[in-house]
Amino acid sequence: MLLAIDVGNTNTTLGVYDGAVLRRHWRVETSHTRTYDEYGILLRQLFASAGLEPARVSAVVIASVVPPLAFTLEQMCVRYFDRKPMFVGPGMKTGMPILYENPREVGADRVVNAVAAYERWRCALVVVDFGTATTFDVISAKGEYLGGAICPGIGISMDALARSASKLPRVEFAKPPSVVGKNTVASIQAGLVYGYVGMVDGICAQIAAELATPPKVVATGGLAPLIAGVSRSITEVDEHLTLEGLRILHERNR
């Protein structure tokens, strides 16, 4: 089995693959203060709850945008799974030309998403990932990574609003009954949901105008289904796109 780990600034997503089949997946908080023992015990508990045997893990692949956690995660893998992990980074065989001014600047998660999306759809694409930051990654019809856009994430916007406007509460990110809110909570939700949908659709329209081929827009991340349900541009949702990309890159670099 393959253990795939996607370390984001806010959450870490873990998946266990048996061949090409995603057997189980979990989302946990990314913590800078956990020791490798604490991460190891947490994963052992998750495996036990799913009836999975840690000894069956034959390889580990990690994409991380949190460099300080690299040593901790490596030690966790060695001590609790007896496996040295493969980290996504420069020099890895991606099968995708990275047409960025400095390819080393492209986050591991963005490369992984691009590889997974092109492997599945084989066309011009925009991948929108709703994480701590909302990222837009553009892939040409020939399978080249062209670049993209980075925006503040939904959670960051919610936190900033609640912190900076003392009379406005932090609300659940949920679709309101109408874009015209009838109370404070619904008004904030309308601004967040429809504001982000407007941003996504607007950026995707601008990207499409610059490309020779109209792109398919794919969304991933925990909030992708909600946004996609309102967006006019998003046509596909794959919440496990990053994990699938990790599996593909592991296969290409074994």
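Here the Cβ of each residue, glycine as well, is placed from N, Cα and C on the backbone.
Of the listed candidates (T72, T94, T132), Swiss-Prot assigns T132 to the same ATP site as D6, V7, G8, N9, T10, N11, T12, T13. The substrate site recorded in Swiss-Prot includes G107, A108, D109, R110, T184, and the single candidate from Y100, Y194 that the record places there is Y100. A strand conformation is recorded for D6 (ATP binding site) in the three-state DSSP classification. Among the recorded positions Y100, D109, T184, the ones whose Cα sits within 10 Å of the Cα of D6 (ATP binding site) are D109.
Those residues noted as binding ATP (D6, V7, G8, N9, T10, N11, T12, T13, T132) have their most widely separated CA atoms at a distance of 13 Å.
The Cα of G8 (ATP binding site) lies closest to that of A108, out of the binding-site residues Y100, A108, T184.
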